[in-house]
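Below is one structure, written out as structure tokens; the observations come after it.
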Amino acid sequence: KVDPDEQERRKKQNSKRIRGQNKSRPHMKPTSYDNRRLCPSIIQERETKCVYGDKCKFIHDVAEYMALKPADVGEHCYLYDTFGKCHYGLSCRFARAHISADLKNLANEERVKAMEGRTPVRNSLDKDLQWRLRKKVVPFTASDAYMKTVFKGGHKAGEGWKKAATAENGKARCLPFGKLQVSQENLALVKTIGPLTDADVIKLRQCEKKQVDFKDKLYLAPLTTCGNLPFRRICKRFGADITCGEMAMCTNLLQGQSSEWALLKRHESEDLFGVQVEGCFPDTMTRCAELLNNKIDVDFVDINSGCPIDLVYKKGGGCGLMTRTNKFEQIIRGMNSVLDVPLTVKIRTGVQEKANIAHKLIPEMKKWGVSMITLHGRSREQRYTKSADWDYINTCSQLASPIPLFGNGDILSYYDAMKARETEVSGIMLARGALIKPWVFTEIKERRDWDISSSERLDVLRDFTHYGLEHWGSDTQGLEKTRNFLLEWLSFMCRYIPVGLLEQVPQRINERPPYYMGRDYLESLMASQHVGDWIKISEMLLGPVPKNFNFLPKHKANAYK
């Protein structure tokens, strides 16, 4: 006979919700689905032969490659239809749309001419800069000058450099806060090139920097994995005002890692765009800010001091910065001193569940020169399980005034947004709500519930795959990468309950529905929490999966067995 206490314990264990990340999940790289690839010299139809000759690891025999290549997915190539030419040529999985009988890549000259001079995506990493970053020969003059002030003891705890532009004999200069004498012979000799401009002598004051109007905007949160460029394009189309790139590690950016720099890319449709960086030391963060300021086109730079994951927190980054106020101040002041665009900060209520500290930090951040603050109404320990504390967000927004403060947490409908706007926040940030239903931006702006049909949702997913093929490529590698990100997004989108089926409007973000049947087969399929059904939806848009395909979502809460 089973002991009743043991039975009760097992029941609780089985009913406990799975949390965290699937760290041991099977991870298949997109390259593993296409082992035998065609040489780039043939794909790009270069006049010269492959420089690697017989040592090249790719296939040079076109007939052999065509025999091995998987079947085409569709009749029309989105890249060819949009740009007039598909640069993936024979390797494209929609190649029959633009490959002639003699296996030559065709081009629509009229369309190509119309697209001339247009740069749809900016902020790419060029090879020369990548080489210089890897060799550590990129100069960081402004960052080094700031760090000298920190190491000389001019940046004590609770103090800092207060820039006061004073006119003396017709010249402007910056003085530190406190008495600090710097003799002329101690100043480092700097080799100069070209004429001396006003910008070299006088640093821009806070009020002279580029101004961004954040008030009453809808802000799409920087979302790791799912907040990629194709997804941001979808949200822009539905009415998002501000977009931000995924969190990038400052050390990886300084090392010139291509994968990290890809997170900074900006599409032409993103009219108000920022990048988010993470780090825990003032020297690396200041250098990273100077690098971004000189090399990429952004409207603001955001510091991530709200990331709850252990990998970041244990190093002192993310939420860890909230408890390291001296370092946090040095980072903010340092980045502000080298940036020509506004600096924003994203924080949580605190680290521990019942020990809020944001209200203590916000008045200090105002002094440090932050242009905007975003507050997620949960602590690090709470993660996403408890409801966001909007009363506390309201209190903090009053403390932050006149600096704009955006509230974040639990916004999934027009009703949630209206309730949030009853507080004194300057705007609203949406994260999981946008992943579950990206049309929430339209609902908020039009003040209505949208009972979107399953076919309309499939069209949204189809547009995402088109943008994905444009961004990651239309060959096998790019197609499978698009599929992977589509499946990650579907692991959130399956939580959406159609308005027409709700017993009570609106749907709450942390409520999980029981299993239900939709109004048609596609709606039922989209409501499924089984990975196999998400793969079926991906096959409708991107063709059959490879034989060795395997997928498990990043978050355990999304992986129902």
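Any Cβ shown, glycine's included, is placed from N, Cα and C.
Checked against TrEMBL, the range among 76-101, 492-517 recorded as zinc finger is 76-101. Taking Cβ pairs closer than 8 Å, the zinc finger (33-63) reaches residues 87-91, 103-105, 475-477, 480, 546, 548-549 in its own chain, all 6 or more past its ends. DSSP assignment over the domain 'C3H1-type' (33-63) gives 10 helix, 2 strand, 19 coil.
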